[in-house]
Amino acid sequence: MTHEFTENYDVIVIGAGHAGVEASLATSRMGCKTLLATINLDMLAFMPCNPSIGGSAKGIVVREIDALGGEMGKNIDKTYIQMKMLNTGKGPAVRALRAQADKSLYAREMKHTVEKQANLTLRQTMIDDILVEDGRVVGVLTATGQKFAAKAVVVTTGTALRGEIILGELKYSSGPNNSLASVTLADNLKKLGLEIGRFKTGTPPRVKASSINYDQTEIQPGDDKPNHFSFMSKDADYLKDQIPCWLTYTNQTSHDIINQNLYRAPMFSGIVKGVGPRYCPSIEDKIVRFADKERHQLFLEPEGRDTEEVYVQGLSTSLPEDVQKDLIHSIKGLEKAEMMRTGYAIEYDIVLPHQLRATLETKLISGLFTAGQTNGTSGYEEAAGQGLIAGINAALKVQGKPELILKRSDAYIGVMIDDLVTKGTLEPYRLLTSRAEYRLILRHDNADMRLTEIGRDIGLVDDERWKAFEIKKNQFDNELKRLNSIKLKPVKATNDRVQELGFKPLTDAMTAKEFMRRPEIDYATAVSFVGPAAEDLDAKIIELLETEIKYEGYIRKALDQVAKMKRMEEKRIPANIDWDAIDSIATEARQKFKKINPETIGQASRISGVNPADISILMIYLEGNGKAHRKY
């Protein structure tokens with residue numbers, strides 16, 4: 001079929017949420033003429049649920065996005081109202097940053113960034129169809145009948161695909177925050193042959209700040225110590241005038257109200273059909289599943305400096321409006337609170353992610369990429385990370401360059417994508433530190449060391465950032481080398497000082513680096529014995545040095561595991577492999593292989609239901625028959 005296109009682009013991104021913004025900024029910065037199409041310009045990078053960025057594992061993803069040259073970290077550093085490092089009492093592998101956002105300012109700042117970006121056109125329009133010829137994308141069709149040509153299309157529609165809002169017995173077609181739903185595009189994706197799933201998520205009510213009795217709650221302040229998501233942000237710019245959050249709890253009265261109205265709860269009455277998030281359940285679900293718990297935490301989170309809206313984190317619900325009011329008034333500090341918005345549930349279509357490659361391109365259609373909640377994830381950070389990778393790979397495909405695949409040992413983003421494309425997901429997927437087997441090398445403090453060079457190679461890291469990174473890396477390397485070369489000897493003067501500080505004396509000579517491996521010896525103590533570095537070191541470099549030195553043995557073990565797995569990751573499986581021709585593999589393994597069509601032995605080994613014997617048989621088969629190369 002011959003199409004008459006009115007406009008021509010290299011890449012078209014459908015949807016301007018957190019995934020779409022990162023995808024379109026990446027493609028345009030890599031030199032591709034890009035269209036970012038959105039149903040509503042006023043909802044670009046909008047936060048329809050929680051007014052925060054980061055958190056456990058998620059905060060590390062934001063640092064990874066920043067290291068690769070993405071935008072989320074820089075944007076939240078300009079628009080936060082509170083910053084807090086989580087898990088400071090635990091090991092470095094699980095520490096992560098979390099920021100309360102001024103949600104309207106966050107969206108405004110991101111919109112400004114998109115509007116001034118070269119090669120990027122921003123358009124309010126609804127895309128109804130993705131145009132495909134001979135198995136590859138050629139463009140899109142708008143609801144107004146316009147046809148735009150494209151060499152690649154990235155679908156980042158969030159919860160808008162056949163979205164339906166549910167509040168008590170009320171159910172109506174809608175995207176998030178009462179925006180338009182994308183119904184025709186949902187039909188089109190199904191017609192193209194993609195398998196579609198149905199998920200559900202929800203949001204809590206918002207209450208008026210001036211109607212809260214804060215004396216009945218516990219204050220939750222931000223950190224005084226400067227921290228940032230972007231490696232380019234300066235400590236001097238750290239916000240001193242932060243806004244606190246507040247902690248309160250449900251109680252037995254709250255639980256009674258919910259239990260007495262379960263028959264009116266869409267979750268239990270059969271109105272809700274979609275699968276909800278395991279790690280962010282509704283309050284009614286929590287009360288039923290954890291009936292033995294006397295109370296549940298609720299955090300009162302301001303939505304910005306210039307609004308009275310307060311987000312009641314932990315109270316996600318789709319109960320009827322009158323029940324929500326009673327529930328709020330049963331909670332300490334909220335007895336007289338004014339509900340400004342009701343909570344609601346939203347059901348939406350997703351593209352089942354086992355149909356994707358690790359580049360986030362669909363296996364079925366060349367040039368069609370999907371990212372974010374469209375792939376079954378939850379969270380702004382997970383969406384942004386996928387959007388960045390999908391955008392990068394869309395640009396690389398258009399330019400005829402090698403694709404970018406982040407491995408599980410490279411980044412949490414790599415862990416997430418591998419989980420999605422290898423295991424799929426039966427519920428909204430959330431990143432957790434426990435999902436990463438190499439989490440000690442995927443830390444908050446070393447994301448730039450892991451990923452900045454990759455960002456530079458693909459063209460997203462500019463000269464200013466690259467120069468700053470090179471200075472930091474050289475300072476780190478030089479100081480590590482110095483500490484490993486200077487020796488402390490067990491002489492009287494040294495041991496007298498060691499004992500004065502309350503530490504065990506030295507029995508043998510050791511390097512300053514070995515001295516720092518002692519749990520009680522920090523960098524400042526070590527250099528008090530051996531002298532300071534040739535130049536003043538930033539606190540972040542010192543933190544990195546301490547972690548790398550104190551956990552060196554564990555880090556080395558993790559890197560050894562990575563090296564072993566690398567051999568399996570490099571063993572490719574031909575795209576044209578005949579799974580039925582492999583004798584002796586288990587029926588379940590054969591079925592899973594056919595469904596997922598893994599690209600490497602490493603990926604095949606991580607598929608649920610596949611055992612080591614199946615992998616051994618597969619490797620023997622490939623050594624004898626696997627001569628073909630995978631092509632897309």
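Cβ coordinates are placed from backbone N, Cα and C, and glycine is handled just like the others.
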Message: Gly15, Ala16, Gly17, His18, Ala19, Gly20, Ile127, Gln373 show up in Swiss-Prot as binding FAD; which entry in Ser174, Ser182, Ser318 does that record put in the same site?
response: Ser182
Field: Ser282 (NAD(+) binding site) - helix vs strand vs coil (DSSP)
entry: coil
- line: Closest by Cα to Ala19 (FAD binding site), out of the binding-site residues Ser282, Val288, Phe290, is Ser282
- line: As a whole number of Å, the Cα atom of Cys280 (NAD(+) binding site) is distant from the Cα atom of Gln373 (FAD binding site) by 15
- line: Per DSSP (helix/strand/coil reduction), Ala19 (FAD binding site) sits in helix
- prompt: About how far apart, in whole Å, are the alpha carbons (Cα) of Glu284 (NAD(+) binding site) and Ile127 (FAD binding site)?
  reply: 36
Message: DSSP secondary structure for Gln373 (FAD binding site), reduced to helix/strand/coil, please.
response: helix
